[in-house]
Structure formats: C-alpha cells, structure tokens
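For reference, TrEMBL has these:
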{"type": "TRANSMEM", "residues": "12-32", "note": "transmembrane segment"}
{"type": "DOMAIN", "residues": "14-505", "note": "domain 'K+ potassium transporter integral membrane'"}
{"type": "TRANSMEM", "residues": "52-71", "note": "transmembrane segment"}
{"type": "TRANSMEM", "residues": "141-168", "note": "transmembrane segment"}
{"type": "TRANSMEM", "residues": "180-200", "note": "transmembrane segment"}
{"type": "TRANSMEM", "residues": "207-231", "note": "transmembrane segment"}
{"type": "TRANSMEM", "residues": "258-281", "note": "transmembrane segment"}
{"type": "TRANSMEM", "residues": "288-308", "note": "transmembrane segment"}
{"type": "TRANSMEM", "residues": "328-348", "note": "transmembrane segment"}
{"type": "TRANSMEM", "residues": "410-429", "note": "transmembrane segment"}
{"type": "TRANSMEM", "residues": "436-454", "note": "transmembrane segment"}
{"type": "TRANSMEM", "residues": "466-483", "note": "transmembrane segment"}
{"type": "DOMAIN", "residues": "517-775", "note": "domain 'K+ potassium transporter C-terminal'"}
Amino acid sequence: MAECKNQRKHVLLLAYQSFGIVFSDLSIPPLYVYKCTFSGRLRHYQNEDTVFGAFSLVFWTLTLFSLFKYVGFMLCANDNGEGGIFALYSVICRHAKFCLLPNQQAADEEISTYHSVGYSYRNVVSSRFKKFVEGHKKMKTALLVLVLFGAAVFITIAIFTPAISILSSVEGLQVRAKNLHHGMLVIIALFLLIGLFVLQHYGMHRVAFIFAPIVILWLLSIAFVGIYNIIKWNPRVYQALSPYYIYKFFGETGKDGWISLGGILLCITGTEVIFAGLGHFTASSIRVAFSFVVYPCLVLQYMGQAAFLSQNFSSVSTSFHSSIPDSLFWPVTVMATLAAIVASQAVVSATFSIAKQCHALGCFPRIKIVHKSKWVHRQTYVPEINWALMILCLAVTVGSQDTIHLGNAYGIACITGIFVTTCLTSMIIDFVWHKNLLVALLYFSFFGIIEIIFVSSSCMRIPKGGWVPLVLSAVFMSVMYVWHYGSRKKYLYDLHNKASMKWILTLGSDLGIVRIPGIGLVYTELASGVPAMFSQFITDLPTFYQVVVFICVKTVPIPYVSQKERYLIGRIGPKPYKMYRCIVRYGYKDVHENDDYDFENAIVMSVAEFIQLEAEGGGTLDGSVDGRLAVVRSSENFGKRFMMSESDGNKESSSWSYPASGSSSRSAALQKLKSMYELESPEFCNRRRIQLKLLDTTYKDSRVKEEILELLEAKDAGVAYVIGHSHIKAKWNATFWKRLLINVFLSFLRKNCRSPSVGLNIPHISLIEVGMNYYL
C-alpha cells in the first residue's frame, strides 16, 4: 500500500513538472488559431453556424491528434521510455536491417536495453514488406532521408514557435492602446526573442523552477476566461461539440472552408513536443496532466472564444485578447507573454536534443554540446544551434511582421512533421510489434488521410509564407544528408584500406620502431583491424608509445548504454605487442565524459581487467564476448584491484606523488613547456588528477601482474591522443554531382564545424594529429 502511494505521488510530481516542458507549446495556440482560421475568404461567412463549425473542427482535431494519437497511442511507441523521431527510427533499426550506422556488431545486440521488455523478436516470421525493404539499399536510404526530413522540420518549427508565440502574445496590447503602431509591437517581440536566446546561453536552470507554475496559471486563466465567455455570450456553443456542425460548416463554406483548415491545424502545434519530451517523464504522468488539466482547459478556451466570436465577429483579428474581461486583461496578457516565453524555451531545448541525436548518429556536422550536472536533468545546450535559431527567428519575425503569415508557415511545418511521425509509427506496428500489415495500413489510412487533407489545405498558403519552412527544412535536411554521406564514404574507405594483421605481425613485437614510455590512444572509426592512419604514422615517424590502445567511439541505436556495458575490450596481436582495442559504446542520448582523466582511468582499468580475465580464460566473465572482445565492467572484481588517489592542479595528493620526470618520455624542455601551459590555462588550474596504484593482490600468473604494472607505468609516463586529420576529395573520375557534393558542400561543412578533438573532449596539450588524404 505504501509503495503504491509513493508511486502515485511520483506520477503526480512528474505530471506537475511536465507542464513547463511538455505542454507549454500546446497551450499557446488559442492566441492565434481563430485569427488565422478566419484570415482568408472565410471571414465573409459571418454567422453562428460557421463559427460553431470552426470550433467543432478545432475540438475534433485536438481530440483525434493530441488526445487519441499522441497521448493515447504514440506514448506506447517509445524507445525504452524515450520519445521523438529518432526514438522511432532506432526502434525500427534494431528490429529490422535498416540501420546505416557504421561499426555495428553482434555484441551490440547483447546490451541489456537493446531489446524492449515484453517483446520477443528473434523467432517471429518477418512480413513480406519488411523483407522487401531490408533487401533494397535504396529503401533504407529513403527511410533515413524521411527521418532526416522530419528532424529538419522540427528544427524549422523551433524557428517559428518563438516568433509566432511571442508576437501573438504582445499583439494584445493594441486592444487597449489603440494608437500603438504595429511596428512597435514587432520591436517589443524582437527584444523578447533576443532575451530568450541570450538566457539560453547563460542557462535556463536558473529560472526553470517557475516554468510549471507559469503554464498551470496560464491554463487555468484561459479556462476561466473561456467559461466566462460561454456564460456571457452564447451558452449554446456546447452544441458544436457534435461533428454534425463540421458537416454544416463545409456544406456552407465549401472550398473556402477547406482552405481554412490551414488555420484549424494550428490548434495541434506542440503535439510533437509531447512525444519528444517523453524521456524527461513517464507516459502515465503525461497522460494524467493532459487528460485532467491541459485538454479540458484548452477545450473550454476554444469553446469560449467561439461563443464570443458568434456575437462579436468584427473582433476576429484580436479574438483572444478582446474576449478577456476588463478586470483580468493585464494579468492575462502578462501571463500570455510569460507562457509564450516558456513554450519557446521548451521547443528550443528540444531542438538542442534533436541536433545532439543527429550528431550522435553521424548525420550532423560536429558541434559543441554542453551539459552540466547543475542544469536540468538530461538537457543540453548547443551554442551553434542557439545563435543560428536566434538569427533565423529574428529574420522571419521582421520579414513577416504578422501572425497570419507566421501561422501559414508554422502550420505547414507542424503538419508535415506529424505526417512523418505517422509513417514511422505505421512501420513500427508492422516491423516491431509484428501486427498484421492490415493493422498498420488502417492506422496509416485513418490518420494519414486526415493529415494529407490538412497538408493539401496548407499548400494553398505556400505563396503567403508557407514556402519558408519548406525551403529551410530542405536546407537542413541537405546538410544532414551530405554529412552522413561523407561520413559513411569515409568509413568505407577506412574499412577498405586498413592495415593487414599479417603486415603487423611481420614487424615483430617492437613493430620495427622505437617504443617509448607512455600510452598512445589511437582514435579510429573502425571496430576491427588496424587503421591505415597508424601504419602511415609508424612508417613516417618510426617511434610510438609503449602501449597502444585503438579507441573506437561509436553510437548504438539505443538511448542509453550503462557504464557496465559501455567498454568492449580486446587484444590486437600477441601479448608482447602490447596493443589493445577499446570500443566505447554510447546511446544516441548519452552524454560523453567531459573529464579526460576519468576517461583515461576508465580505459586503463578496463584494459587491466581484460588482462586479468584473459589469464583466467574468461571463466569469471559475466557478460558477452565477441571473438576476442569482452565486456569487462560487468565483472564483480572490476576496479577492486586498484587504489585511486586524487589531487588538484596545484597540490598533489599525499597518497603518493607523480613520477619523476626521468620516467617520462618527454625531455626536460617539453616537461617545462607542459607545466607552463597547464599553469597558464584556466581549465588546468583546478583540474582533477587521478592516479591508479595496484593493490597487493595475488596472481596465479606473475606475467599478468607484470603486464598490468607496465600498463600503469605507461599511464604515469603520459597519455597521448592520436587522431586523423582528414582531407577529403572526390576521385578524379567521379561524376559531376559527386564532385560537387564532396569537393564543395562537404568540404564547406568540414571547414566550418568543430574539430574532432572538441567533440571527443581531447586535451589540446596531449593531441597528435596525423594527416590523411581520402579520395572518395
């Protein structure tokens, strides 16, 4: 009983917190839905039945999409509790051979969260449609392009959401200040937009605690205003809940009514955020908040506005603000502005997450991803995206200067994103849930046909601003696809040109070079074999470190990978070669380690554990084995063989001191330069330094202890990070379009994005770059 009570409290707490993140965007459309709906020739139909028909359309659109489709159904199509378009794509890729990600291994399927709980997919007969798609590479590419287009549309939505939300919230000032010029409203909106994005830069965590109360007060306020208008202006408006008024609406308005659907669909803008924000909460908490608070408040508000318009049609351009009682006008207007800012912040934050997921899946140029523990849990900040969104948001606000034009663009972007989600969900019904293909077709037919009707109506608004989101989405999608194409071609080139193990073995244990003290972490995208970069390095400069660890940082199509399953360790060549492989697996929503010392220690401890388990014959290995690769962190003894000592950047730990400079591979001059660099660099002043010391543990084989001690001595001598500095060109005999794509577009993106060392959090002082030419 107590456990059940605590669970209910937890659901209610999450439901309360969800208002500020999940539902803020959906609560803003009452500001502009009726204004945009009656902006065209529909304004000539000034009668009660037309207004009631418009409300009936709003009610049933909100009910079918927000309540039934997203809250009722889409929350079930999650990826281990995560939502969003990439969650749908990753679920499909795990249960069908659609994934175009490189480095996928059989060992990845043994990760505990790889297969969803409650479903068994391995012994189920695949449908014919699934086999058809799996057997055609062009179909896989088409699916990826569809997903990238959906992600591009979401980014475009993040441009228009702040613009239309904030501008529509301040337009109410003209209701009281008749002489206030519209240009002044645009300037006010621009200042608020700049403040929004600047606040993103400094961290929204400082004011995040007020988001939920603001949205709750806003919802209760508009519900009260709706009830007031129903009672005062037209109590019969409840009759419009019947779909019969939709029939009457189209019977009277005809083509003009169909065109007005582009304004009606604005009532469901924000539904995508409900699904995208699922990872922060639970499906039950979202359902509770929407069903008992959000949905009733929105219905009451739309109903109240319809009652007001049925008697005051001349005020349709300011229907929301004009319907507010005089005594509540300024409080509600202020709440509208605050709620618009919160809604904009929620969409922008969701866009950061989308960009991060695109980057993790190799479909977005390298960007700086900032995450701090004191920030909102699981939320990130991407500076490049933030400032780009601000510039574009200001541009569309100044360019349109009107809510109607913004609504035309906003609506077509939202309904396009919803249609992409419907397509992916239909595939999940067939490929993942293994329902009859007819069930998937029925789902697609029901929602897809309705969405296509909305899309066809929105297409009529393309000349009036609707072309802007289509152009922006096409540009964003092109950037993503070009980057994915170049990354995949580069990986295939590395895979084809990797050094043969036969050549490595002929060099001997010293590799035919001088082995100096230290550890060399060689970064490569290959999960098997030795990259050509390494063979080129030791050929041009016949010196390398005593211990070599090939690091492959890759993304698997699941949201999160636990620390115990993250590191996959193996050996390359015989033991005297002291060459190891470490595959570091992240989920597409995982946050990479920011502390390179933590990462170094994790690598060293994982390799040491592998050495011990290898000597024991893998008998104590509690995990999966992929050939000579093993998950070592699942061992019960992991980390128990070492003592860790910590010191800051200025004062060494009293446990034991750093080794003398004589044990390091660096000369005295280099040691002095390194010390000066660390003292002059702010990031090194208070840097954590952790050292490992082997405890007095008995070993059956003395050679195991010697190898582990050599590993620790190499770490004490220093750790260097070796990465490739790539120069990519198209082959001389490539087609014109391929040369244009690689030599122009891809080259431009690579020159104007972050370096690989930034994305991998590699300290600059320890970085070695090896130049590599790629001819794709």
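Positions of Cβ are set from backbone N, Cα and C atoms, glycine also.
The stretches the transmembrane segment (180-200) and the transmembrane segment (328-348) meet in space: the count of Cβ pairs below 8 angstroms, excluding pairs fewer than 6 apart in sequence, reaches at least three.
Using a Cβ-Cβ cut-off under 8 Å and counting only residues 6 or more beyond its ends in the same chain, the transmembrane segment (328-348) has close neighbours at 20-22, 24-25, 27-28, 31, 157-158, 161-162, 165-166, 168-170, 172-173, 175-176, 192-193, 196-197, 199-200, 204, 211, 214-215, 217-218, 221-222, 224-225, 270, 273, 277, 321, 386, 389.
Remote same-chain residues near the transmembrane segment (436-454) are listed as 64-65, 69, 127, 129, 258, 261-262, 264-265, 415, 418-419, 422-423, 425-427, 429-430 (criterion: CB distance under 8 Å, separation of at least six residues from the stretch ends). Proximity of distant same-chain residues to the transmembrane segment (207-231), defined by a Cβ-Cβ separation under 8 Å and at least 6 residues beyond the stretch ends, is recorded for 16-21, 23-24, 27, 30, 199, 237-238, 293-294, 296-298, 300-305, 307-308, 323-325, 328, 331-332, 335-336, 338-339, 342-343, 345-346, 376. Here the transmembrane segment (466-483) does not touch the transmembrane segment (52-71). Their Cβ atoms form fewer than 3 pairs under 8 Å, with each pair 6 or more residues apart. Remark: the transmembrane segment (141-168) contacts the transmembrane segment (410-429), by the rule of 3 or more CB pairs under 8 A.
Residues 26, 33-34, 37-38, 42, 237, 239-243, 245-246, 248-250, 252-253, 257, 260-261, 264-265, 267-268, 271, 274-275, 286-287, 290-291, 295, 298-299, 302-303, 305-306, 310, 418, 447, 450 of the same chain lie 6+ residues outside the transmembrane segment (52-71) yet bring a C-beta within less than 8 angstroms of a C-beta in it. Same-chain residues lying 6+ beyond the ends of the transmembrane segment (410-429) with a Cβ under 8 Å from its Cβ atoms: 36, 65, 73-74, 77, 85, 88-89, 91-92, 143, 146-147, 149-150, 153-154, 156-157, 160-161, 164, 262-263, 265-266, 268-269, 271-272, 275, 435, 439-441, 443-444, 447-448, 451-452, 454-455, 458-459, 461-462, 466, 469-470, 473.
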